[in-house]
């Protein structure tokens, strides 16, 4: 029986009950993850090594880099991907435990409500991630970062630091914002698909 639960959970995660949900899984699981894993590493992989300040000393560079990046973009986006997956995973675990097939989810009022709640939670998490990303990284990466070095007891309170490949990072940052907006729109469209399909089931003649 436990193997059947795992099978149902696995199929639910890969094949949601809606067409838009299946496209979202493909887009989310393939394109977005590939973009972050491959291109994200290429753009941000050696950022800390090439981040240099004036004067160019390791202690100062590390201090200012930690000020420039309270959290690295790769870690933030990886956490975003995992967090947004949680509501859907919890729902499909519930469906697997209740032995609800994917084809039956939208036929049952209670499971439909739970599924809509999971989609709404995904929207909320994506909006929250968008806000956090804008707060942490902004929308443009400037080539110069003015670092406050007061905590190091330096004569000068500000050190000028060079941000490597700032233009590439701006492009990548814009792409991640775009991915977030696309997934939000897909989730909204999925809710409309669910509502239309439920109306279709309710309007079917009784046999």
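Placed from the backbone N, Cα and C atoms, the Cβ positions cover glycine too.
The topological domain 'Cytoplasmic' annotation in Swiss-Prot covers 1-22 (among others).
What Swiss-Prot lists as transmembrane segment is 23-43 (among others), and the listing cites sequence analysis. With a threshold of 8 Å between CB atoms, the same-chain residues lying at least 6 positions outside the transmembrane segment (23-43) that come near it are 13-16, 73-74, 77-78, 81, 84-85, 165, 168-169, 172, 175-176, 179, 182-183, 186-187, 190.
Residues annotated as topological domain 'Extracellular' in Swiss-Prot: 44-74 (among others). Looking just at the topological domain 'Extracellular' (44-74), the mean pLDDT is 86.
Per Swiss-Prot, disulfide bond is recorded for 53-161 (among others), and the stated evidence type is similarity to another entry. A sphere of 10 angstroms centred on the C-beta of residue 161 (disulfide bond) encloses 22 other C-beta atoms.
Among the features that Swiss-Prot reports, disulfide bond is placed at 64-147 (among others), with the record citing similarity to another entry. Around residue 147 (disulfide bond), the same-chain residues six or more apart in sequence whose CB sits under 8 Å from its CB are 53, 60, 63, 64, 67, 68, 158, 159, 160, 161, listed in sequence order. Under the DSSP three-state reduction, residue 147 (disulfide bond) is assigned to strand.
Annotated transmembrane segment per Swiss-Prot: 75-95 (among others), in sequence order, evidence recorded as sequence analysis. Packing against the transmembrane segment (75-95) from elsewhere in the chain are residues 8-9, 12-13, 16, 28, 32-33, 36, 40, 102, 105, 111, 114-115, 117-119, 121-122, 125-126, 129, 132-133, 136-137, 176, 180, 183: each is 6 or more residues past its ends and has a CB under 8 Å from a CB in it.
What Swiss-Prot records for 96-111 (among others) is topological domain 'Cytoplasmic', and it gives similarity to another entry as the kind of evidence.
What Swiss-Prot lists as transmembrane segment is 112-132 (among others), and the listing cites sequence analysis. Outside the transmembrane segment (112-132), and at least 6 residues removed from its termini, the chain residues within Cβ reach (under 8 Å) are 17, 21, 76, 80, 83-84, 86-88, 90-91, 94, 105-106, 177, 180-181, 183-184, 187-188, 190-191, 194, 198.
Per Swiss-Prot, the feature topological domain 'Extracellular' maps to 133-175 (among others); the stated evidence is similarity to another entry. Counting residues of the topological domain 'Extracellular' (133-175) by DSSP class, helix then strand then coil, yields 18 helix, 10 strand, 15 coil.
Marked as transmembrane segment by Swiss-Prot on the basis of sequence analysis: 176-196 (among others).
Taken from Swiss-Prot, the feature topological domain 'Cytoplasmic' applies to 197-207 (among others), supported by similarity to another entry.
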Can you tell me how the residues of the topological domain 'Extracellular' (44-74) break down into helix, strand and coil by DSSP?
18 helix, 2 strand, 11 coil
